[in-house]
Structure formats: structure tokens, C-alpha cells
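Q: Right, I'll just put the structure down here and ask away after.
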């Protein structure tokens, strides 16, 4: 499922807790 890396998104939009980037502060969020 496509997602966008953001620092924050609504809990129900979170797909993965980490974006797989070096910075784990970004989360993978569901795209609108």
C-alpha cells in the first residue's frame, strides 16, 4: 500500500511505525 513519510499523522492513518529511513521519527502514513 502506498504511503507517505511524515513526522505525524492520525493514528488510524499510520501504516508502519517507521518509514525504513535512517530517521525513525518519520512514520509511514496512509495517503489520502
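Including glycine, each Cβ sits where the backbone N, Cα and C put it.
Pulled these from Swiss-Prot:
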type	residues	note
DISULFID	3-29	disulfide bond
DISULFID	5-19	disulfide bond
DISULFID	9-28	disulfide bond
Q: When you measure from the Cβ of residue 9 (disulfide bond), how many other Cβ atoms are you left with inside 10 Å?
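A: Neighbour count, Cβ to Cβ under the 10 Å cut-off: 16.
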Q: Looking only at DSSP and grouping its letters into three states, which state does residue 9 (disulfide bond) belong to?
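A: SS state of residue 9 (disulfide bond) = coil.
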Q: Among the disulfide-bonded residues 9, 19, 28, report those whose Cα falls within 10 Å of that of residue 3 (disulfide bond); none is a fine answer.
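A: So the list reads 19, 28.
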Q: Can you name the disulfide-bonded residues among 9, 28, 29 whose CA is within 10 A of the CA of residue 19 (disulfide bond)?
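A: Checking Cα-Cα distances against residue 19 (disulfide bond), the disulfide-bonded residues within 10 Å turn out to be 28, 29.
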Q: Should residue 19 (disulfide bond) be counted as helix, strand, or coil on the basis of DSSP?
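A: Its secondary structure by DSSP: coil.
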